[in-house]
Amino acid sequence: MKKGKTAVIVGAQWGDEGKGKIVDVLSENFSVVARYAGGHNAGHTVVINNKKFILQLVPCGVLRARCRSVIGNGVVLDPLAFLKEVGSLREAGVKVDGNLFVSNRAHVILPYHRMIELAAENAPGRVKIGTTSRGIGPAYEDKMGRRGLRVADLLDLELLKKHIENAVHEKNMIAHALFNTEPLDADKMYKEYAQAAEKIAPFVCDTAVLLNQALDAGESILFEGAQGTMLDIDHGTYPFVTSSSATSGGAVIGTGVAPNAINSVIGITKAYCTRVGEGPFPSEEKGAAGENLRKRGNEYGAVTGRPRRTGWLDLPLLRYSGMINGTSWLVVTKLDVLDDLEEIPVCVGYKIDGKATAEAPAQASGFEKIECIYRKLPGWRTSTEGIAEYEKLPRQAREYLAFLGKEAGAKIGMISTGPDRDHTILVDEFVSELKAAAKKA
């Protein structure tokens, strides 16, 4: 039997590109959806029949009854947040038991991770990153420093007790010395997380084995990324980044499948740009036009509620993202947000010190010198909301999309024209490729 086909969903910008909806729509064509990075700092929003689901840890494929969902080893898991999300899904009638699996190698977020991140983010003299203060970064720090607790360890209550006692003693000393924080209670923490471990145990398995067995059986897998390429720990606008691998390469590291198992990469981009938190944003629009994008696009974080910074589409960064990820297809979301504009500025290049450059700086400080070169494209001044056929889009909207695809160097396979599942245009060639993969699977 031939190996099953795979595709990776990756954010091509600074996150919040609409990956949740796209994973939900495409998961119909896959047997398994696997989340490979991040934690409950992600906020993937899916609207089905006017009912909104905001998923932070659980892959969006869980909303498809025939689809199995996997939380891979590259994810950092907050047990309490996970159980809360599972409880909400059960209340909504979503089948999770027997359909959702958690890697025994995923690292665990504990209260001291949140304590340290919150204190560090608000400490005087520190560079503000604009984190969600949910303990994601400190959990990854402990993982890389070989001090972490994995899900398999969480289920070993004797080991869990010893780990919490030692870690809480150390973290309390550090947090008090650096930030003068109140100490955490190790006994209370152990009792709470021992109870959580019992509830999580039925979901836990070696998901690397599960995924590879699925591929060997000819099943198809969709890998769900979190955040975006420009927030990647290595390739993003460091230090204003997340703490995990947000690129397509993270799908391999974060799930345990081989690199040659990846068949295609689908990059998600808004028709404009947004960013949450601090850090470089060359095409940011700080005036009334930016506020208009924020209001029309409802640009507020799904997890934090923070207003997102808004700006125009940045083609140099989109090309950079395509290079890093090996993007096969582009999906453009929130096209309808641009409906009221007479002209749409697009950043087509950069100047630094008056000289044109094709490369983004490695240092965040280098972005401050960037001057965007804009090209203004004609708007369409008519509603595209809910349009589900490419030919029904206004001519100017089709021209905008054609320009975007050509300049980004990737084919556009899908366009989102609203929040609902049905507010989606699927390009025939893209659909054919997905269905061919599903048949082979």
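Even glycines carry a Cβ here, placed using N, Cα and C.
Sequence annotations record features per position, and here TrEMBL assigns active site, proton acceptor to ASP16. According to DSSP, ASP16 (active site, proton acceptor) is assigned to coil rather than to any helix or strand.
TrEMBL lists HIS44 with the feature active site, proton donor.
Its own atom aside, the Cβ of LYS143 (active site) has 19 Cβ atoms within 10 angstroms in the protein chains shown. Marked as active site by TrEMBL: LYS143.
If you look up TrEMBL, you'll see 15-21, 43-45, ARG308, 334-336, 416-418 marked as GTP binding site. THR417 (GTP binding site) falls within neither a helix nor a strand when secondary structure is assigned with DSSP, and so counts as coil.
Residue density at GLN227 (IMP binding site): 31 other Cβ atoms are found within 10 A of its Cβ, drawing on all protein chains shown. For ASP16, GLU17, GLY18, LYS19, ASN41, ALA42, GLY43, HIS44, THR132, ARG146, GLN227, THR242, ARG306, the entry in TrEMBL reads IMP binding site.
For ARG306 (IMP binding site), the same-chain residues lying six or more positions away in sequence with a CB closer than 8 A to its CB are VAL276, GLY277, TYR300. What TrEMBL records for ALA302, VAL303, THR304, GLY305, ARG306, PRO307, ARG308 is substrate binding site.
Each of the recorded positions ASP16, GLY43, THR45, THR304, PRO307 was scored by other CB atoms within 10 A of its CB, and the lowest score goes to PRO307. Using a 10 angstroms CA-CA radius around ASP16 (active site, proton acceptor), none of the recorded positions in LYS143, THR304, GLY305, PRO307, LEU335 qualify. Rounded to a whole number, the C-alpha distance linking GLY18 (GTP binding site) with ASN41 (IMP binding site) is 15 angstrom. Rounded to a whole number, the C-alpha distance linking LEU335 (GTP binding site) with ARG308 (substrate binding site) is 17 angstrom.
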